[in-house]
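Listed in Swiss-Prot for this protein:
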LIPID     Gly2  N-myristoyl glycine
MOD_RES   Thr12  phosphothreonine
MOD_RES   Ser21  phosphoserine
MOD_RES   Ser26  phosphoserine
DOMAIN    82-143  domain 'SH3'
MOD_RES   Tyr185  phosphotyrosine
DOMAIN    271-524  domain 'Protein kinase'
BINDING   Leu277, Gly278, Asn279, Gly280, Gln281, Phe282, Gly283, Glu284, Val285, Lys299  ATP binding site
MOD_RES   Tyr420  phosphotyrosine
MOD_RES   Tyr531  phosphotyrosine
Amino acid sequence: MGCVQCKDKEATKLTEERDGSLNQSSGFRYGTDPTPQHYPSFGVTSIPNYNNFHAAGGQGLTVFGGVSSSSHTGTLRTRGGTGVTLFVALYDYEARTEDDLSFHKGEKFQILNSSEGDWWEARSLTTGETGYIPSNYVAPVDSIQAEEWYFGKLGRKDAERQLLSFGNPRGTFLIRESETTKGAYSLSIRDWDDMKGDHVKHYKIRKLDNGGYYITTRAQFETLQQLVQHYSERAAGLCCRLVVPCHKGMPRLTDLSVKTKDVWEIPRESLQLIKRLGNGQFGEVWMGTWNGNTKVAIKTLKPGTMSPESFLEEAQIMKKLKHDKLVQLYAVVSEEPIYIVTEYMNKGSLLDFLKDGEGRALKLPNLVDMAAQVAAGMAYIERMNYIHRDLRSANILVGNGLICKIADFGLARLIEDNEYTARQGAKFPIKWTAPEAALYGRFTIKSDVWSFGILLTELVTKGRVPYPGMNNREVLEQVERGYRMPCPQDCPISLHELMIHCWKKDPEERPTFEYLQGFLEDYFTATEPQYQPGENL
């Protein structure tokens with residue numbers, strides 16, 4: 001079905017590709033490869049680039065009067081005959097404020113203004129109501145972005161994480177943008193065999209000069225939808241036929257609402273503390289709600305922990321850091337007691353998860369994957385020229401599907417408690433801190449790398465305190481003399497060697513987080529081709 005060209009002669013196997021394979025000598029890790037496409041003008045001030053519509057914004061949409069709609073074509077026709085693309089809801093959404101629109105999956109919208117970035121002003125063609133909608137909940141009607149199986153800019157490793165989630169059968173699949181080839185896509189399929197058990201195979205989808213698509217030149221298609229239909233009916237050389245699109249899960253919002261996008265100092269009265277999750281040296285962490293309808297995590301700081309003015313200044317920077325491996329800062333209450341409002345992670349801290357939760361039963365592949373996620377978040381912090389200063393398992397939060405996110409980045413610099421600022425006081429995390437930072441206050445991204453090496457020991461020992469049997473003073477003295485923790489029980493030598501690399505005395509000899517991410521993501525697959533040639537393709 002939809003096959004434009006089928007050659008009778010037996011097809012040759014697709015060439016193996018080692019896209020993104022580990023290169024330890026250079027620390028290479030493949031990067032994302034955007035796929036710019038050009039769309040016709042629709043006679044409006046601005047329509048987002050459909051291939052990057054989630055990040056669109058900066059210009060307003062001006063829609064002309066006298067509009068009639070066409071559900072079939074996915075456009076609105078103005079009196080002048082120009083078309084305005086309609087958008088369709090990919091998920092249900094419940095309004096959080098009076099400015100938002102509630103809507104259901106499948107509902108169609110006319111976009112009135114996209115100048116608010118992540119929040120677009122829209123009119124529902126179902127209800128006729130106007131309000132703001134989150135832009136990553138919608139896609140242009142009839143576009144590939146509106147397909148259940150299209151995941152856009154999703155990396156190979158994240159594709160594998162999603163496909164290997166519990167409950168997905170063999171043949172679960174998704175299509176994503178190629179990370180290395182402009183205009184191309186990758187098809188990722190969950191497979192199973194006796195040797196490997198559950199695993200994921202990746203196939204390159206290439207683009208023809210005339211706009212078609214193919215995995216093998218013997219079977220070419222006008223659209224990706226036709227390609228998916230073809231391989232849903234037969235394996236035709238793939239590891240198996242395409243059975244069901246991978247479940248996407250709800251997209252993450254980086255703001256509580258359109259109003260808190262820029263004005264994110266919120267009144268204390270808008271927050272409700274519901275369940276205390278933890279109690280630390282400098283405050284408490286609560287599960288709560290904002291506006292009575294949005295679940296959030298709320299960190300409350302003891303008065304005197306840090307200057308409200310300094311905190312607000314740092315929070316301005318923290319709010320701009322947006323990455324799916326960082327806990328998103330939503331809002332703050334900057335008067336003491338300071339409240340920090342972030343996204344809620346339902347499995348709690350990585351430390352508690354490893355010691356007392358589901359993490360106790362995890363095997364090495366899961367633990368290494370969690371380390372890779374932390375490294376990915378830290379690689380972003382590295383690219384942004386930021387420093388965490390307190391990287392350890394207690395400051396990593398865990399969600400469903402073993403998703404890990406980094407919390408409390410940048411806050412350690414602001415703490416004014418004497419027991420902490422002395423750097424060798426009882427409250428200072430000596431065992432995680434690089435010697436140049438503990439002794440001389442030289443905190444850099446390379447001191448974060450040292451801390452990451454300590455975090456690796458926490459992972460493989462399921463939350464054991466580093467340097468067992470040694471107090472803070474002994475640790476500082478011994479590390480200065482060259483002592484490094486030995487290889488933990490059941491830890492592979494290669495992983496311990498990576499820890500030792502993180503603990504080099506000279507900070508500049510320590511690896512980058514980009515290298516650490518690549519090493520850990522490819523830890524179990526570095527010797528295998530990442531893209532499959534297929535059989536009889």
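Backbone N, Cα and C define each Cβ position, glycine as well.
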Inquiry  = Measuring Cα to Cα, how far is Tyr185 (phosphotyrosine) from Leu277 (ATP binding site) in Å?
reply    = 42
Query = Tell me which residues of the chain lie with their Cβ under 8 angstroms from that of Leu277 (ATP binding site), as long as they are six or more apart in sequence?
reply = Val285, Trp286, Met287, Ala297, Gly348
Key: Around the Cβ of Val285 (ATP binding site), the count of other Cβ atoms that are within 10 Å   = 21
Message = Using a 10 Å cut-off on CB atoms, tell me which of the recorded positions Tyr185, Asn279, Gly283 is the least crowded.
response = Asn279
Note = DSSP composition of the domain 'SH3' (82-143), residue counts helix/strand/coil, works out to 3 helix, 32 strand, 27 coil
